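Going by Swiss-Prot, these are the annotated features:
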DOMAIN    10-146  domain 'Globin'
BINDING   GLN71, HIS103  heme b binding site
Amino acid sequence: PIIDQGPLPTLTDGDKKAINKIWPKIYKEYEQYSLNILLRFLKCFPQAQASFPKFSTKKSNLEQDPEVKHQAVVIFNKVNEIINSMDNQEEIIKSLKDLSQKHKTVFKVDSIWFKELSSIFVSTIDGGAEFEKLFSIICILLRSAY
């Protein structure tokens, strides 16, 4: 399971190898995956849409909303950036702590959504325990400013 508090899990070399083996196949189809993940998240947690004021108010047309597509790609690309930085933990920590501060003060996002979105992300890409560890790291760091 994905955790969002406590000490940061450690990605082993085996975890990193498994992620690096699977991720390029997923990232190659990032537009499809990213939109599916965000739409599934908003369907499961409609109240989370309040965190995205630029999205159209018509929930039935979210898949057509260019802002939804843009945000989906932004999220997916951030995950890609983290995966590409797995060997530089300091860089990941700084990047996600800065993003945490921004989500708290600028975007005013409830920190509960990080874990919920991460769970949907991992299940959508059919990720294993190594992805749960990776997203636990992401969630813990995204909650750091809260």
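Backbone N, Cα and C define each Cβ position, glycine as well.
Quantities reported herein were computed from a predicted structural model and do not represent experimental measurements.
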Proximal but sequence-remote residues of the same chain as GLN71 (heme b binding site) (Cβ under 8 Å, at least 6 apart): LEU38, PHE52, LYS54, PHE55
Spatial neighbours of HIS103 (heme b binding site) that are distant in sequence (at least 6 apart) but have CB under 8 A: VAL109, SER111, LEU142, ALA145
For the domain 'Globin' (10-146), the number of residues DSSP places in helix, strand and coil: 105 helix, 0 strand, 32 coil
